[in-house]
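Peer 1: One structure follows; several queries about it will come next.
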């Protein structure tokens with residue numbers, strides 16, 4: 001009777017689909033192992049391959065051409081005081097050290113940035129295999145840190161008690177930090193406009209130079225003055241200049257190598273301008289102002305060229321808002337303290353045109369998308385201009401479709417052309433304009 005009852009219960013259990021204790025235990029073990037097998041968030045390990053500066057030979061060649069012309073002017077074309085030459089050469093070798101230090105640190109920094117999910121996708125390569133690759137961004141933090149270290153080391157070799165030097169470094173450091181905060185927190189653009197104004201405060205507080213401007217000769221008849229003291233308005237002008245320089249580089253972007261490339265072109269033009277001004281003046285204070293500019297621009301140029309070795313097409317890193325804010329503030333500082341802000345604005349002619357074309361979208365008169373970039377045709381690999389008001393799209397609409405690399409080269413050539421025109425205008429208008 002007992003065996004018959006067990007048989008009846010077993011048949012009933014099968015009909016109800018009941019599971020034996022052994023089956024239940026096996027299923028629980030499978031569930032536990034599957035939950036433990038959930039892949040963790042990807043993070044780089046020591047075995048991950050480091051990125052390499054694929055364009056290093058080309059960048060080194062361009063750098064050699066840049067500095068060959070600069071040192072020709074310094075040692076052969078112009079007569080410069082030996083002590084000033086010595087300081088410039090010391091600053092140059094420190095800058096070269098910063099170049100190779102940046103080359104070494106960028107691959108290391110990419111691993112930490114990827115670990116913190118600071119990466120992006122190249123929108124201009126969407127629909128292609130390269131468009132699905134994670135590209136580390138915010139690499140401008142490396143350039144900013146190396147630049148500040150070089151500037152401090154140079155102060156040890158060429159000590160000066162000038163508070164403007166320290167204030168300049170404080171403003172650049174402040175702007176680099178705020179740029180990195182923007183990369184991490186994705187600050188709204190209305191707030192971004194105010195960030196440079198905050199970072200400029202140390203520079204404005206330490207500025208003890210003149211606030212008098214020279215009236216251009218053609219306007220003296222109408223104004224009735226040869227000089228005009230702007231007073232506090234000049235401080236407002238310096239703050240607005242810093243706001244423009246930082247944001248103008250930030251919005252004239254979107255192509256591999258464009259942000260770093262335009263900074264390198266402007267920095268080289270500033271170097272040539274400074275050495276020409278030093279050679280054509282016997283005023284010691286005037287010479288020191290332009291020498292101060294050289295001391296900051298040389299490390300800016302070398303570290304930027306190192307970053308460009310990784311950022312040139314096809315880019316293996318993104319510079320981020322950290323770099324654009326850092327570079328813009330550095331150029332604004334040398335323009336203000338070097339007393340050549342007018343010339344600097346001519347160097348920024350493409351950025352001014354880009355800003356003017358962007359006004360309707362920036363101020364909300366017409367819709368403004370998050371990324372005002374051209375469209376890529378995956379079949380041809382060419383970019384097509386959109387209706388967005390940027391110099392990038394204007395070039396595409398005027399000159400037709402082209403590859404991203406060709407477009408970037410055209411924009412950088414236009415940047416260089418504007419700088420050359422600036423030198424020609426200064427030479428032709430000398431004695432007539434001022």
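Quick reminder: no glycine exception, Cβ is built from N, Cα and C everywhere.
This is the feature table in TrEMBL:
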- 14-49: region 'Disordered' (REGION)
- 26-38: compositional bias 'Low complexity' (COMPBIAS)
- 56-76: transmembrane segment (TRANSMEM)
- 88-109: transmembrane segment (TRANSMEM)
- 139-158: transmembrane segment (TRANSMEM)
- 193-215: transmembrane segment (TRANSMEM)
- 235-255: transmembrane segment (TRANSMEM)
- 261-280: transmembrane segment (TRANSMEM)
- 292-313: transmembrane segment (TRANSMEM)
- 325-349: transmembrane segment (TRANSMEM)
- 407-429: transmembrane segment (TRANSMEM)
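Show me how these features fit into the shown structure, please.
Peer 2: Residues 85, 88, 92, 99, 103, 268, 271-272, 275-276, 279, 301-302, 305-306, 308-309, 312 of the same chain sit 6 or more residues outside the transmembrane segment (56-76) yet have a Cβ under 8 Å from a Cβ within it.
Under 8 Å from some Cβ of the transmembrane segment (261-280) lie the Cβ atoms of residues 66, 69-70, 73-74, 77-80, 84, 249, 252, 286-287, 290-291, 293-294, 297-298, 300-301, 304-305, 308, 312, 327, 331, 334-335, 338, 340, 343-344, 347-348, 350-351, 408, 411-412, 415-416, 419, 422-423, all in the same chain and six or more residues away from its ends.
If you look at the transmembrane segment (292-313), the same-chain residues 6 or more away from its ends with a CB under 8 A from one of its CBs are 51, 53-56, 58-59, 62-63, 66, 87-88, 91-92, 94-96, 98-100, 102-103, 106, 139-140, 142-143, 146-147, 150-151, 154, 158, 162, 164-165, 168, 255-257, 259-261, 263-264, 267-268, 270-271, 274-275, 319, 323, 327, 330-331, 333-335, 337-338, 340, 404-405, 408.
Remote same-chain residues near the transmembrane segment (325-349) are listed as 140, 143-144, 147, 164, 168, 171-172, 175-176, 178-179, 182, 195-196, 199-200, 203, 207, 209, 237-238, 241-242, 244-250, 259-260, 263, 266-267, 269-270, 273-274, 277, 286, 289-290, 292-293, 296-297, 300, 304, 418-419, 421-422, 425-426 (criterion: CB distance under 8 Å, separation of at least six residues from the stretch ends).
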Peer 1: For the transmembrane segment (139-158), find every same-chain residue at least 6 residues outside the stretch whose CB is under 8 Å from a CB in it, and list them.
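Peer 2: Non-local partners: 87, 90-91, 94-95, 97-98, 101-102, 105-106, 109-110, 113, 165, 169, 172-173, 176, 179-180, 295-296, 299-300, 303-304, 306-307, 310-311, 317-327, 330.
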